[in-house]
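Now, the feature entries from TrEMBL:
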TRANSMEM  59-82  transmembrane segment
TRANSMEM  88-108  transmembrane segment
TRANSMEM  120-139  transmembrane segment
TRANSMEM  178-199  transmembrane segment
TRANSMEM  206-227  transmembrane segment
TRANSMEM  290-312  transmembrane segment
TRANSMEM  336-359  transmembrane segment
TRANSMEM  386-404  transmembrane segment
TRANSMEM  410-434  transmembrane segment
TRANSMEM  446-465  transmembrane segment
TRANSMEM  471-490  transmembrane segment
TRANSMEM  502-524  transmembrane segment
DOMAIN    503-553  domain 'Cationic amino acid transporter C-terminal'
Amino acid sequence: MENHASSFSSPKAYLRALAQTPTRLARRAWSVSTSYDEMSRVRARSGVHMQKTLRWFDLIGLGLGGMVGSGVFVTTGMAAHVAGPAVILSYAIAGFCALLSAFCYTEFAVDMPVAGGAFSYLRVTFGEFAAFITGANLVTEYVMSNAGVARSFTSYSGSIIGVSTDKWRLTVPGLPDGYNQIDFIAVAIVLIMTVIICYSTRESSVVNMVLTALHISFLAFVIIMGFCQGEWKNFTKPGQQENPSGFFPHGAQGVFHGASMVYVSYIGYDAVSTMAEEVRDPVKDIPVGVSGSVVIVTLLYCLMAASMSMLLPYDMIDSVAPFAGAFREKSEGWEWVSNVIGVGASFGILTSLLVSMLGQARYMCVIGRSCVAPSWFARVHPTTSTPVNASAFLGILTAAIALFTDLNVLIKLVSMGTLFVYYMVANAVIYRRYVTVGTTNPRPTLSFLCSFTLTAILFTLTWKFAPTGKLKAFMLGACGVIALAILQIFHCMVPQARKPEFWGVPLMPWIPSISIFLNIFLLGSFDGGAYARFGIFSALAVLVYVFYSVHASFDAEEDGFLGQKNSEIHVEPKEIVDLIKV
């Protein structure tokens, strides 16, 4: 086949390509791929296949490592002040929301076990543009967040041995605040993790297993100490008599507000779906691994919240360091427990960093496969069977940011973008069940998704901004009734166009719809600055797509590497099974 002239072969060719941007956008932006293509032709662009070495217990370990980071040590205290002892229920609600999203991820991962995660899922449903915007946001926020997490390791390490963080960092006069403290330890941690994930996925899983086991042993120690030293009266009595008392001192609103705050502690299981291509038996291992990790983490978090609530009244809990502060306040002689908590948090930082870097490299690898980024990122090393190029590039970029940029945000930096992706994946799983491209009219499904989303947004805005009173209660109730009516009408009137071959979300479309509603509700808890940052990242991603990605994918289509899919090709189940086993 004769190759099409590249849009980037010369300045003149690029200017010609820019002149054709509207036509190319119309052709490529909404073009969708298929599961068969993602597992065959697209995956083949990496050359060597990634080895299938992971089992369900590896996925549970990666899920635990990705979620049980340092976030729980921070968010629990803040949530306790708004939810009271009912912060236990806040964690249960957030865990339920995470489990619903995990179901949506699992259906896609089992049906299409490739390394692209949400990027690939959106590419086969809503097209290339939507996939690129979400993938670009995820990779960018993962890199910046991982840099902040690496720098926080230095802070926790310093607190354990009683050395100020400033003594671990080199201050450079003349640079602006926030960029003037050079952190070589953070750089070393990132580079060590990069070497590990480049070397072998299996060895990365073993390292994660060891670190996660150590981390959870520290958490179990904290839980046991809390139950042994705590008092049951703290579940109902505040420290200051003027503050509200009872298990629900701030009512249901406080519980749900707390749930939105602690949800960031669950972010990380989505990175497990990017490992689907390296799972031995996706049909059996992925559902157990993804859902099992969320259930275990939810139970662990609820026990930690209960332990902390027993140690101190909710209004006396330290918002910044709740667990360490609780033992310091409890009685003299227990200060050493704070150091133990610091060690546990340090292990949590390492595991969350390892899993996040594994996930971000696989996102970048598949983005390269799809030709919206240089195909150099798609290469899999023939010896290690890992995406070395993507791993090394993102590792060096993360280390460079961690060297001088003080990102005191931990997982919060990725929370908004990740919640948006969870929302998109829930929409995608409904769309894929009810629409077969080219044969099914998509308008009823799109109308349902849009109207349901608008109702959820109205409910969230009312909850957040309307003054407390009967009118607010009426509006919330009306929004809830309308949402249920829309959902029931869609369920009765629109038949499913596709049944999953292996594993599907149960109670369709109720579970993904509840996930949509809850993700919008939790997105409503962010401030204007978070939305501004998300908008800036998205705008930059749009510019990259318009000036580079659409032309690169157009060239790939002309050369026969990509297809413009306007209809699903028929593939026998046996062919899909054979691809999953490869």
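Note that Cβ sites are derived from N, Cα and C of the backbone, with glycine treated the same way.
No curator has checked TrEMBL annotations; they are predicted automatically.
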Could you tell me whether the transmembrane segment (178-199) and the transmembrane segment (386-404) are in contact, taking contact to mean 3+ Cβ pairs under 8 Å with a sequence separation of 6 or more? yes
Cβ pairs under 8 Å with the transmembrane segment (290-312): which stretch of 88-108, 120-139, 178-199, 336-359, 502-524 has the most? 88-108
Counting Cβ pairs under 8 Å to the transmembrane segment (178-199), which of 120-139, 336-359, 446-465, 502-524 comes out on top? 336-359
Could you tell me whether the transmembrane segment (120-139) and the transmembrane segment (206-227) are in contact, taking contact to mean 3+ Cβ pairs under 8 Å with a sequence separation of 6 or more? no
With the transmembrane segment (120-139) as the reference, find which of 88-108, 336-359, 446-465 contributes the most Cβ pairs under 8 Å. 88-108
